[in-house]
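If you check TrEMBL, you get these features:
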| type | residues | note |
| --- | --- | --- |
| ACT_SITE | B:75 | active site |
| ACT_SITE | B:78 | active site, nucleophile |
| ACT_SITE | B:252 | active site |
| DOMAIN | B:67-258 | domain 'OTU' |
| SITE | B:222 | site 'Interacts with free ubiquitin' |
| SITE | B:224 | site 'Interacts with free ubiquitin' |
| SITE | B:248 | site 'Interacts with free ubiquitin' |
| SITE | B:253 | site 'Interacts with free ubiquitin' |
């Protein structure tokens with residue numbers, strides 16, 4: 001019998017396909033339901049607009065009782081994203097609730113792009129620029145938005161989700 | 001390890017390290033303690049307190065009033081785990097309360113969804129919750145029940161759903177419970193931080209909400225450092241006739257058998 005984590009991930013995937021939230025997409029990798037690839041499109045009216053940011057999501061057998069590990073694979077410049085791409089977001093750590101699913105995780109990260117929390121910085125430079133020099137911050141973000149298109153080439157079918 | 005604490009490196013992700021450490025601790029506990037133990041005598045409990053006269057007196061007090069006990073794993077879920085096991089085991093042996101409980105359990109999903117919980121994930125937990133209850137309804141053996149309830153995946157799903165029931169009840173009765181929430185938080189914030197996440201320890205407020213939501217009364221025997229020779233008792237709700245009996249030792253709940 002399949003484990004609760006695997007059964008639940010199949011359901012998460014089905015739901016994400018049937019009822020996809022705007023601006024995010026995700027799917028298990030070919031041979032492993034415990035590792036997913038995802039894409040978040042930079043939200044409108046933010047410096048991240050038009051970016052296509054790739055992420056990986058790694059689940060353990062304890063999902064959904066424990067959060068997965070989520071990392072940006074695309075280069076990111078954001079107050080709450082570490083240099084290695086991992087994300088400082090309360091719901092992925094101490095405020096995780098088992099009622100969250102993949103869809104909720106991706107939309108929460110999408111809103112984090114919209115609303116950084118400069119009080120718990122994972123990237124000090126980004127946090128400082130965000131607070132003190134918004135123009136420079138936006139310039140740096142614009143650069144990683146450009147970069148996010150470059151690594152699109154070897155990727156094909158994921159990108160059709162529309163931005164609301 | 002020690003020098004790491006002195007050299008804070010802002011580019012490092014300490015959350016991951018903290019999580020890894022947390023995982024190691026949890027794994028050590030999981031390897032050592034079963035989710036729910038076999039039946040134990042109070043003399044076995046006493047061996048933990050060789051040099052502790054006060055606790056030995058209190059164990060004697062319990063021994064005079066209870067037959068035996070089971071321990072639960074100290075993973076922060078012990079209250080819910082102990083409650084679920086004790087109550088279902090009781091239904092297995094005497095099903096007079098079963099129809100009432102099953103109706104509440106079945107209806108609870110729609111109530112949670114009506115309160116704004118996400119339907120999709122609630123259904124997932126509710127399904128497993130009902131599967132366990134239906135096993136009890138079909139009169140599985142005590143051994144089968146023990147196997148089922150100590151399967152980590154199933155047991156954790158059961159605990160999550162009990163947590164959701166508590167969260168739902170607290171939010172439904174927000175006007176009352178807001179007076180018991182500490183730290184200037186809203187009831188919803190309290191639920192997000194202290195009720196719904198696994199491994200968060202339970203307090204009076206959780207017990208009060210669970211007994212009210214399910215209509216199952218609980219007596220807790222408190223075994224603490226106070227120098228009376230007897231355990232203090234508290235019934236939830238006050239003055240009710242208990243059907244589940246739990247032992248509380250500082251920050252941990254186990255099961256008692258009267």
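Here the Cβ of each residue, glycine as well, is placed from N, Cα and C on the backbone.
Where TrEMBL records a feature, it is marked here on the structure.
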{"residue": "B:75", "record": "active site", "DSSP (3 states)": "coil"}
{"residue": "B:222", "record": "site 'Interacts with free ubiquitin'", "DSSP (3 states)": "strand"}
{"residue": "B:248", "record": "site 'Interacts with free ubiquitin'", "DSSP (3 states)": "strand"}
{"residue": "B:253", "record": "site 'Interacts with free ubiquitin'", "DSSP (3 states)": "strand"}
Long-range Cβ environment of residue B:248 (site 'Interacts with free ubiquitin'), under 8 Å and at least 6 residues apart: B:220, B:221, B:222, B:223, B:224
Most Cβ neighbours inside 10 Å, all chains, among the recorded sites B:222, B:253: B:253
Cβ packing number for residue B:224 (site 'Interacts with free ubiquitin'), 10 Å threshold: 14
C-beta crowding around residue B:252 (active site), within 10 angstroms: 18
Distance from residue B:75 (active site) back to residue B:253 (site 'Interacts with free ubiquitin'), taken between C-alpha atoms, in Å: 10
Whole-number Å value for how far residue B:252 (active site) lies from residue B:75 (active site) (Cα to Cα): 9
Nonlocal neighbours by CB distance (under 8 Å) for residue B:78 (active site, nucleophile), same chain, sequence gap 6 or more: B:72, B:201, B:202, B:252, B:253, B:254
